Amino acid sequence: MSELFSERIPPQSIEAEQAVLGAVFLDPAALVPASEILIPEDFYRAAHQKIFHAMLRVADRGEPVDLVTVTAELAASEQLEEIGGVSYLSELADAVPTAANVEYYARIVEEKSVLRRLIRTATSIAQDGYTREDEIDVLLDEADRKIMEVSQRKHSGAFKNIKDILVQTYDNIEMLHNRDGEITGIPTGFTELDRMTSGFQRSDLIIVAARPSVGKTAFALNIAQNVATKTNENVAIFSLEMSAQQLVMRMLCAEGNINAQNLRTGKLTPEDWGKLTMAMGSLSNAGIYIDDTPSIRVSDIRAKCRRLKQESGLGMIVIDYLQLIQGSGRSKENRQQEVSEISRSLKALARELEVPVIALSQLSRSVEQRQDKRPMMSDIRESGSIEQDADIVAFLYRDDYYNKDSENKNIIEIIIAKQRNGPVGTVQLAFIKEYNKFVNLERRFDEAQIPPGA
């Protein structure tokens, strides 16, 4: 495969590279826009890489960038003769009549650099296809990651000096101090929950676990709706259990306060039709993207979310539910190890895309054997490393689910059993089952909201 490209000259524009360097010699201020677009490795000719690097070092010391200082810098690093000597630097200084077009020239250099990296990446992918014996999904995931890195021009990965991090951290603290409210992450729309968590933080993995039919899907959908309709964030929902149409039916009920049974059967009153029209209008303007592929792999989730973030932006990911995600096949032991691998991958995804990932989880039947049915960490099915990977573990508990005579009808407890960077505790919400909707508890006493028998 490499022979295909061995006799071809890689994409490059020596003239544009010379124009960039010449513009900096002509006007040192041109280094600012040039350095915002280019790094030394973007230059094709090795001599140009060294010259641009020398310019950056001189500028970093606060010295003027000109023919004299750059010559001295290259001489000090014993690179002056390697780049062609003072005579070549003088040629560069006379290469352009004006520095006004430096950004245009830099874009040409950048474009050629991206093409070269793309060729190298494609060659590497093709070579892997011939020689690697990994699972096809592993190869596809790696290929997608490599291509995305090229398209995003990632120059990250180096060490970060703590002084730079401290400056960014101080600016962030100052911003938080000056903003209204206590929310530092993405608001869920539930007052007490947001107060306890400060909103769901970017890069966090949030596990929401409950027994079947307690309301975890409705809870996650409510959060997704609140985020998508009340903020500018887009939400990606992966539904492995229900179809996209079933999810949207639930969303319409919650958004329009429409009885779910009436909507399922089509027996809508004139008032319901009005509510449905308003709910459809609200949701159609929301940035909600649904994928209902069953038995999807984490690699597929990652690839689709990377693409969505690049094309439209992404603020949150919801997965219903974790145990239905298909393993990579690399774990030869048992399903628990596969689920552990999946949870680690979801945490890595949250960090990579800098969005909160909400993953729903089933609970084992062991919770049914206890006097107190409130869930515990050990109740998470095939838990493995889920507890370790998660930044927040939230259990949903309804007393009236187990006790039909409960005094706390329609009340659901959101038990924050783990919060890596915050307190643990319990938040109560009202659950309007007919609407598939959770509301803040202070609104529960507006009886008009809650149908009889909810």
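The backbone N, Cα and C atoms fix where each Cβ goes, and this holds for glycine too.
Remember, it's a predicted structure, so these values are computed and weren't measured experimentally.
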In Swiss-Prot, the residues S213, G215, K216, T217, A218, Q362, K418, Q419, R420 are said to bind ATP. Which of R195, R250, R335 is said to bind at that same site? R250
Check the DSSP secondary structure of S213 (ATP binding site), expressed as helix, strand or coil. coil
ATP binding residues S213, G215, K216, T217, A218, R250, Q362, K418, Q419, R420: largest Cα-Cα distance, in Å and rounded to whole number: 32
Fewest Cβ neighbours within 10 Å, where candidates are the binding-site residues S213, Q362, Q419: S213
Please work out the helix, strand and coil residue numbers for the region 'N-terminal domain (NTD)' (1-149) from the DSSP assignment. 109 helix, 0 strand, 40 coil
In whole Å, note down how far the CA of E241 (active site, nucleophile) lies from the CA of A218 (ATP binding site). 13
Length of the line joining the Cα atoms of S213 (ATP binding site) and E241 (active site, nucleophile), in Å: 13
